[in-house]
Every structure is written in structure tokens, then in C-alpha cells.
Amino acid sequence: MTDPRPALWLPYEQMKTAPPPLQAASTQGCRIALEDGRVLVDGIASWWTAVHGYNHPHIAAAVRDQLAAMPHVMLGGLVHAPALRLAERLGAITPGDLRHVFFAESGSVAVEVAMKMALQLWRNRGIAGRERFLAFSGGYHGDTLATMSVCDPEEGMHALFAGSLARQVIAPLPRDGEDRQRFDTMIGAYAHELAGVLVEPLVQGAGGMVFHPPEVLRRVRAAADRHGLPLIADEIFTGFGRTGTMFACEQAGIVPDIMTVSKALTGGTMALSAAIARRWVFEAFWSDDPAHALMHGPTYMGNPLACAAASASLDLFEREPRLEQAAAIGLALEAGLAPCRAMAGVVDVRVLGAIGVVQLAPPVDLAAIKAALVAAGVWVRPFRDILYLTPALTISEGELDALCGAVRRVVRARG
Ligand SMILES: *Cc1c(COP(=O)(O)O)cnc(C)c1O
């Protein structure tokens, strides 16, 4: 008898009771072909990474060339053209003087590095007692222990570990009235202990696809300035066109002190992330004292294959009209999802950039909805009460119609 307990351990799921996962065989454009022959239109671009669709020939060629020349060398003491070139390019396209790029392999680790930069920034300046961070309710910054501590503490995924995490200051986003006051009070009360402030600009992604207007982000920037705190903008979800601009911070006209990017950085092909710092942050480490060096260094940081993929992805943003495509997707999502507003069991329908969200009234039978979506020929992964679409920016009108149509049918059938 074969052991029914699988060797492959899956994320975020009670594997014993969950329906068996679908097995993907290949991808092309905005479609995922399954081993059983079915083909699904992908509505979420593999956790928002595959912005150019799958198997883009330009990225594939860049990775193939790099694989032949040099798959990897350590970045300790050695540098190479793919990493040098990508660092220059990221510095050139990110706002203001964000120019100093530290590579890692995952989003969570980039956030960890950004947090470590903020902590060491104070130490290097000889200031003690700056050990905590202010982050926001509804936020999500990753799954590692330090990043979990700056996620929403009520968040289902992480509440379990509350006792093991650093105790951070979690404030409401300063939207209006009472929240603005509470935010101002909290940042004022804790400022002397804080190393920095972390925010997801314009969209809180994994925390529930909740949007806030640019002025909220400007208030956060202004408050951080008032209290002399570095602001970390986590653009891991929002970066690379998802909100309609290359980076969400641009819409508020603010420059964070450290920005984290990952997810769509390589166009959904390779694991790569970066924490990108402004000049003044970098300068706090640039000294004659060896102890002032940034004490971090992931083994695969700046992996040449991943850097080549990321540079090829940036080529595509330059050569092809991705931001115009994001705007067109936004209009199509607005039109395609609007009918859901009138359906029973729908709390909210919202669209920002190339993100479309249908928020459902509880109780939500996630398993049934997931099955119905697959039966309708689409790959969409609702979570909690959130059904969302974040397709590749290259998706065709017909595929987008198919996605919106499937979402409408599934939401209507549930109501
Ligand atoms: C996905 C995500 C992360 C974590 O990235 P991983 O690569 O999964 O570690 C962090 N912050 C935001 C905003 C994200 O969307």
C-alpha cells in the first residue's frame, strides 16, 4: 500500500481535508495547462508575479544565455554584470534617490533586510533604544518571524505565533478623523522607541486587497519625517505596474527611505527580491568602521540567472505598453465586475490599477467557490472573503471577459 501522506508539503492548507491539488503541466501566455488536459485562464498570475504572461520568449532567451555563461557565483567579494546592470536600472526607475540595491531571494527576506537596515542605521549613528517598528492593521509583509511581527496581529495566518514574535506597534492607517488621530497619537507616543515605519503603499494585498488613497500615504510619509523615522515602502505586491504606475509610491509623489520589491521583479520566472535604499540610508553604512557594514548576505543573493530575468522583464516594460495595458485592464475589470455590486452576498466591488476585487458577505464556502471557478475554466484563488483578479498585464480582452464572466456566474450562483 502506498502511503497516502504526500512527500510534497503545501502552503497555507490543511492537506488532510483539502481537495487534492490540481497538477500543472505547462504554461503559455495567460493559460495554465493541467496534466489531465484541461486548460485554465489564469486570473492571478501566480501570486501576481507573471506580469508579462507565462513563458515570455524574451525572458526565456535572457535566462538561457545567462545559464550558458554563468549560472551563479557568490556576491561576496565578486560582482558580475547581471547584478551591476540590474542595480543601476532599478535605481534609475525607482523614485527619487532610491539607488542602493541589496538583493535577496524572497519578498520576506527583502523586508527582513529593510528592517535590519533600519535597525542598524540607528546603531551606526550611535543611538540606542530604537528596536521597534510601526506598521499598520490589515498589513502583510511576509511569513518569516520578523516580517510576521509587522503583519496585522489578528491576521489568521500568523495569530498562532503571536507569543513568539517581537511586539511591534500596529496602528490604523491615517484615513480619516478618528484613525488619523489614533495614528498620530501612537506614532508620537512610541517614536522614541521606533526604528522605522513600514507600509504597503496604496494596496494592502494579502491582508485583504484593501485600497487607500494617495493622501493617506502622504500623511504616513509626513509623520515619519516629523519624527525622524525611516519609512519602508513594501512594494512587493504593488511594484511593476500593478496599481497603474510602475510603483505605487509615484501616485502619492513620495519617496520612501527603503523600498522592497520582489514578486513581479523577474516577470514571474525566478526567485529574486531587493531592498533599495536612499542615499542617506546607504551613507549611514558607508564609513571607515568595519562594524558599520550591513551584516547580511543571502547565499544566492544577486543570482545571475534571476538578475538576467529581471533585466529582461524591465526591457519589456520599456518596449511594450504595460502601464497602458494596466489601465485598460482596470477599465475592463470595472465594467466586468460592476454587475456583482447588485448581487446578493456581495459587500463591495473595487478596482485599482489592474486589481479587481469582489468582497463577499460571510459565510463564504471557499472550497465550493474554488471548485466552481475551476469548473468555469479559470484559475482564481479566493481567500477569506476576497475574490480577486490580478491577471498578467498582457492578458487579452477575450481572456479577461472569460475571467469576469466566470466570477459573475460563481458569485451569482452563490447568492
Ligand atoms: C508576497 C509579499 C511579501 C512576501 O514575499 P515572499 O516572496 O512570499 O516572501 C511581502 N510583502 C508583500 C506586500 C507581499 O505581497
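Placement of Cβ uses the backbone N, Cα and C atoms for every residue, glycine included.
Same-site candidate for pyridoxal 5'-phosphate binding, as annotated by TrEMBL with Gly107, Ser108, Pro298, Thr299, chosen from Asp42, Asp234, Asp348: Asp234. Candidates Gly107, Asp234, Pro298, Thr299 (binding-site residues) were compared with Lys263 (substrate binding site); those inside 10 Å Cα-Cα are Gly107. The binding-site residues examined here are Ser108, Thr299; by Cβ neighbour count within 10 Å, the least packed of them is Thr299. Annotation note: Asp234 (pyridoxal 5'-phosphate binding site) sits in a strand segment as assigned by DSSP. All protein chains considered, the CB of Gly297 (substrate binding site) has 15 other CB atoms within 10 Å. Using Cα positions, the member of the binding-site residues Trp47, Tyr140, Gly297, Arg381 nearest to Ser108 (pyridoxal 5'-phosphate binding site) is identified as Tyr140. Distance from the CA of Tyr140 (substrate binding site) to the CA of Pro298 (pyridoxal 5'-phosphate binding site) is 22 Å.
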